[in-house]
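Heads up: the structure comes next, in structure tokens.
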Amino acid sequence: MASEEYGEPAKHDPSFKGPIKKRGCTDIICCVLFMVFLLGYMVVGILAWLYGDPRQVIYPRNSTGMYCGIGENQGKPNVLYYDLLKCVTGTNILAAAMNGLQCPTTQVCVATCPMDFKWALPNGSPASVYIQEYCQPSINLTTTPLTVAQIAAKELCPVFLVPSTSFFNRCFPGSNLTFPSDFTINGLTANQSRANISEAASQILDSFNFQNVGKKIFEDFAKSWPWIITALVIAMVVSLLFLILLRFTAGILVWVLIVGVIGVIGYGIYHCYMEYDTLNKQGVSVSDVGFTFNLGVYFRVKETWLAILIVLAVVEAILLLVLLFLRKRILIAIALIKEASKAIGHIMSSLFYPLVTFVLLVVCVAYWGMTALYLATSGAPIYRISTVNTSVPGCENITGNETCNPMTFKPSSSCNEARCIFYRYNNEGLFQTNLFNLQIYNVIGFLWCINFVIALGQCVLAGAFASYYWAFHKPKDIPFFPVAESFMRTLRYHTGSLAFGSLILTIVQLIRIILEYVDHKLKGAQNPCTRFLLCCLKCCFWCLEKFIKFLNRNAYIMIAVYGKNFCVSAKNAFKLLMRNIVRVVVLDKVTDLLIFFGKLIVVGGVGVLAFFFFSGRIPIPNDSFKSPTLNYYWIPIITVVLGSYMIAHGFFSVYNMCVDTLFLCFLEDLERNDGSQEKPYYMSKSLMSILNKKNRPPKSEEKKKKK
């Protein structure tokens, strides 16, 4: 029944000796479409580069529209706001700074932010009251004929300065300011001045708590990056050592891995029981705590530890049952891993191919990021005349709609508080009106290129490992440069097929992004039915994406071996897997699970080491090598864990692809051959012994044995 529904088993082909040498180009239409799309993607990048100016985001501007830190303001990377009260009243200062906006007060580029309090005394001389560094370049305090009051009225120098810190090159007031007792501004009393400045500073700090958090995170990275790199190097070394050990002792390592997981869960059960027993004797119950958002409280009640204990016990029981009933399947999985170890041992260059994939992925991400940045900053900046208080005599006619040029703008005598401030970027013109469409094109190009690079790596590795499996006399029949040959063969003949498969995956991922966007926009305004429908759609497309990734992976293996187009290869791979569905579910997934556990060992080991190091729990006798004092020690720990997982995934993905390729070839081998002299098996003797298969010796040897 299975044969009729999912096709007949593959028949023996005497001429088949592994990946077919003579093949033609596949999915040419999709190849042409992909090339045209890439040309369009390059055009989008060129247009973005011509029209965009990322300096508008990277560098702040002064009141004249000049960038701080470059050009005439070289060495002055920070911008200082003269009247902080106007910034708080007129606009959201941090949001304005992040979007390139300016608040309605004079801004100048400065080398460093103010470190001390300073305020203007009306009876002093300009040189003694003001600081030249923080005044506009047009005024010289030693030679100016203007008085202190006239300079303050024209905002040529700041009336007051408070200790500030630089955040994204903007000078913001520091927290917990202690004002001098005689501090006064704008004719206010000392108490009123302190109250106004404190309120302005607190509004900024309270509205943007992430200011200090973000700054501290950057500081943590600056302090800990050498140790982060050291931890990532350790992760790479551990991954290589694990693969080397797997090369020689696959069976022992797999069983140690399984026993280790069971032991860790067993220890978790023991620890939960001890915590439960201690809290039970103390009589602390969840009824005594009630409902609270402080999750740490729940770990001080016995019911929490009892629930965790039950869950771990159930997981432990399931694992033991799986080991009991699937022991033979695990032995076959171990044999596949051993065979993969042998294959990688003969094709060591395959371990370095993830570096090629990584470089290509970095190029894709960098191109997407730069294109998005240049597109976002395209269009000339528009400035408009604005003032904080339109009720001031002479400022009634200022509506905020009149454009201006910050390079030539000067306040009128009737409204001295008028300022020329940034409004937005110009969105008129053919290019600017299509920015949203170009950003969508950029996202699609990013997803398609990323998926194509991953597909290329899978197909290249599949071709290399397939050449190992179908080599009857190993290693004599293995090509000299299997990875390089597979790479050139894949690019020459199957670019269209890889583009086709990656396009299908890109469409599904794009639909998922749209669903996430719709869900985000409708959050808080959707009814339960809409929420349920969106949740179902997101779940379905998540499953569809996983299925397409699985199908594409096996289709690329068939493409690498037989050189057929994507649809035929996907169909043949799907039918082959369905004809052997039990082996697929048990053998392939058990192997994937074991490799996943290997990743966890690498990531967990390096993560635990990073935790003890960055939390200061590892005593280092040498003072020159010690964990830095960090604000948030979990930031480098998370970075190390994520980086370790990426490194481990890169190395183990080679193993995973090798096992998947050998498994698919193994299924084809079982269908094509029967062990006879005309149809000998290509699988290793260990696999044949587990399956009770063997190749019959030649007739001449049989006669010798009979004699």
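For all residues, glycine too, the Cβ spot is worked out from N, Cα and C.
Note that the structure is predicted; figures quoted are calculated from it, not measured.
With respect to the membrane, Leu534 and Pro697 are recorded by Swiss-Prot on different sides.
Of the listed residues (Asn123, Asn140), Swiss-Prot tags Asn140 with N-linked glycosylation site; the rest carry no such note in the record, though that does not show they lack it. The transmembrane segment annotation in Swiss-Prot falls on one of the ranges 529-549, 634-654, namely 634-654. In the shown protein chains, 11 other C-beta atoms lie within 10 A of the C-beta of Asn140 (N-linked glycosylation site). The Cβ of Asn191 (N-linked glycosylation site) lies under 8 Å from no Cβ of any same-chain residue at least six residues away in sequence.
Under DSSP, Asn397 (N-linked glycosylation site) is assigned to coil, being neither helix nor strand in the three-state scheme. The transmembrane segment (250-270) and the transmembrane segment (594-614) are in contact, since at least 3 Cβ pairs between them lie under 8 Å (pairs 6 or more apart in sequence). Only pairs six or more apart in sequence are counted, and the transmembrane segment (634-654) with the transmembrane segment (226-246) gives three or more Cβ pairs under 8 Å, enough to call it a contact. Neighbour counts of Cβ atoms within 10 Å were compared across the glycosylation sites Asn62, Asn196, Asn401; the minimum falls on Asn401. Cα to Cα, Asn401 (N-linked glycosylation site) and Asn196 (N-linked glycosylation site) are separated by 30 Å. Taking Cβ pairs closer than 8 Å, the transmembrane segment (557-577) reaches residues 6-7, 10, 18-20, 23-24, 26-27, 30, 458-460, 462-463, 466, 470, 486, 490, 493-494, 496-498, 500-501, 551, 584, 660-661, 664-665, 667-668, 671 in its own chain, all 6 or more past its ends.
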